[in-house]
Amino acid sequence: MVERIVNSEDVSLLVSGRQSNPHKFLGIVSENSSQDRIILFRPGAHSVVVELQGNIAHAQHHHSGIFSLTAPKGTLPQDYRIYHQNGLLAHDPYAFPPLWGEVDSFLFHQGTHYKIYECMGAIPYNVQGISGVLFVVWAPHAQRVSVVGDFNFWNGLVNPLRKVSDLGVWELFIPGLEEGTLYKWEIVSASGEVLIKTDPYGKRFDVPPHAPSRVVDSDRYTWHDAAWMEKRKHRGDQPLAIYEVHVGSWQWHEGKPLGYRELAKKLAAYCKEMHYTHVELLPVTEHPLNESWGYQVTGYYAPTCRYGTPEDFQFFVDHLHRENIGVILDWVPGHFPTDGFALAHFDGEALYESIENHEPLHPHWRTYTFDYRCNEVVNFLLGSALFWLDKMHIDGLRVDAVTSMLYLDYGRQEGEWSPNIYGGRENLQAIEFIKHLNSVVHREFPGVLTFAEESTDFPKVTQAVAQGGLGFDYKWNLGWMHDTFRYIQVDPLFRSYHHKDLTFSLWYAFNERYLLPLSHDEVVHGKGSLLQKMPGDTWTKFAHMRLLLSYHICQPGKKLLFMGGEFAQGKEWTPDSPLDWHLLDHPDHAYLHKCVARMNALYCDLPYFWKGDGKQGSFRWVDFKDTENHVIAYYRFSGEDRSSALLCVHHFSSGYFPSYVLYCQDIHSCQLLFNSDDCCFGGSGKGNRQPVLCLDQHVSWGIDIELPPLATLIFHVDFVN
């Protein structure tokens with residue numbers, strides 16, 4: 001009988017919710033040489049009906065929810081199905097061998113299971129011709145792990161997982177479940193506490209907070225972007241005009257944010273109109289708070305459900321690709337929130353979070369930092385990045401808060417952190433993680449870009465890993481951004497004393513490959529909108545806006561502008577309301593909008609702005625010493641070509657000079673291409689006179705230009721051979 005097969009201690013552990021290997025005695029068990037026995041566990045059930053080889057049979061009830069029935073010798077999982085309490089007729093979850101293997105354990109423990117997103121979480125699966133869902137989770141400190149959902153009435157005793165690895169990996173294949181099934185993990189900690197957790201590897205969640213995960217087939221979507229993906233592999237130096245977007249507040253319809261599909265069409269058309277090459281999305285990874293920016297991530301493998309399904313998000317990316325617009329994701333591997341339903345103390349103890357510092361919470365955000373010493377945690381983060389690149393076709397990752405990852409003492413006081421093994425402040429494990437991330441991303445997905453938000457002078461951020469660098473493609477030039485805003489907010493009368501703020505960044509502009517950000521961070525927390533930062537009356541404010549944004553385009557480095565800046569959003573950005581698109585009905589805003597579109601078009605069309613822009617040879621000063629008139633001028637070159645250039649002139653005072661001479665030699669011809677003070681952009685109309693060469697015995701020594709107030713002029717220059 002069943003008592004001879006099943007150990008009473010195993011049953012006791014099962015009934016009390018502490019069993020780590022239910023497959024040891026549940027499922028198909030050999031009873032003797034002539035027959036098998038099917039052993040089932042149905043807590044609270046009075047009867048269990050089984051379809052065995054086409055015949056209906058009632059299992060015998062023993063005790064404590066244990067049922068059994070005899071079966072022919074050699075019975076297979078395909079030979080019988082169980083009528084479950086929810087009405088589902090499906091095969092026995094406890095009749096199948098483990099699917100997680102030794103190779104999986106080895107790679108996961110090494111932190112190199114780069115397809116971990118196909119093995120962890122809830123994966124639609126087919127085993128021996130039987131369809132269902134494979135549930136896998138890492139919880140090394142747990143006594144017991146169960147999957148709960150509507151299919152078992154959220155009863156954690158019904159479907160306990162089996163521990164399949166000494167690493168603490170748990171697994172259960174449940175036949176008959178399908179895509180869309182709701183589920184959570186029920187975890188019994190080492191201390192006996194029962195925890196209900198969402199899936200760290202969940203690909204879809206319901207409305208937060210405390211939302212259950214949903215089973216998703218990430219491969220179901222049919223992509224139409226093959227041409228884009230192939231072209232991306234072979235990218236060389238290219239223009240990057242990035243439009244930074246918060247999905248929930250870009251545009252609304254009938255009082256709600258646009259969904260992914262509607263947003264795809266409107267945003268793609270808008271980016272083409274404005275000549276943006278890429279969009280960068282503030283984090284769309286799942287997060288608990290509706291009114292947040294998305295940086296408190298609880299679902300690292302799931303696009304937020306607020307705007308649609310994962311398939312809707314795939315459509316969004318696909319559509320932008322078909323319109324030749326890239327998609328960059330703001331990704332947050334530096335810290336995670338303390339919400340108890342997600343990663344925090346996942347199995348009852350610190351698992352994903354670091355306990356290296358004396359104070360576990362990050363002082364700036366009151367969040368946990370990841371434990372980069374643990375390879376399984378590193379693999380979780382690498383898997384997240386690679387999932388978005390593989391399954392969602394993302395073109396780039398902007399890695400948030402890199403500085404906080406690089407330094408152990410970031411934001412901490414003395415006594416709140418411990419030095420590394422060399423006595424230094426560098427977080428050696430985080431640095432290795434970053435190098436690993438960039439190496440594997442660039443190897444597995446050629447053409448994908450990575451960006452570092454890094455605010456210190458940490459060396460070699462954009463040098464290759466093989467050359468001792470961190471391996472990023474670009475670093476945000478936050479120094480340039482701070483200097484620029486500090487200068488432009490000064491009244492023009494006093495700018496002579498701040499001239500170095502315009503010139504200082506050019507001393508280090510080629511130490512790294514830089515992106516120049518005018519990002520969301522500068523229009524929040526009381527800093528005001530870009531327009532509000534500008535000094536002067538209304539006309540002067542808009543002249544400053546045209547000057548700022550054209551200066552941004554002309555400077556060496558790739559470009560990023562946060563939404564609303566292109567038409568001078570009047571108020572500070574907030575994530576819980578849409579941009580003020582009605583402002584485009586006002587001439588000043590419409591003129592600026594037109595000016596930005598023209599500047600972006602020039603930027604994309606003229607390689608002088610972007611070809612080799614990370615190299616010293618792409619830039620040469622013409623004049624940086626005119627502090628009295630607040631003028632700077634410089635050449636931008638296209639790669640190694642020195643036969644021609646763009647001459648960029650920026651005038652930061654409100655004065656007007658009908659004749660202003662720049663001392664520049666060997667010019668053969670010079671033609672005005674762009675004037676931010678043109679009437680068509682809302683300017684005064686000054687500065688449109690074509691330049692006049694200054695000659696001495698037929699040799700040019702300078703040019704005479706008309707210099708309008710608060711304006712940028714761009715000239716195309718051919719040099720004497």
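Cβ atoms are placed via backbone N, Cα and C, with glycine included.
In Swiss-Prot this protein carries:
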- D400: active site, nucleophile (ACT_SITE)
- E453: active site, proton donor (ACT_SITE)
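Residues near the residue listed as 'active site, nucleophile' in space but far in sequence (CB under 8 A, at least 6 apart, same chain), listed by position: P283, Y295, D330, W331, V332, P333, G334, E453. Every protein chain considered, the tally of other Cβ atoms within 10 Å of the Cβ of E453 (active site, proton donor) stands at 20. In three-state terms derived from DSSP, D400 (active site, nucleophile) belongs to neither a helical nor a strand segment and is classed as coil.
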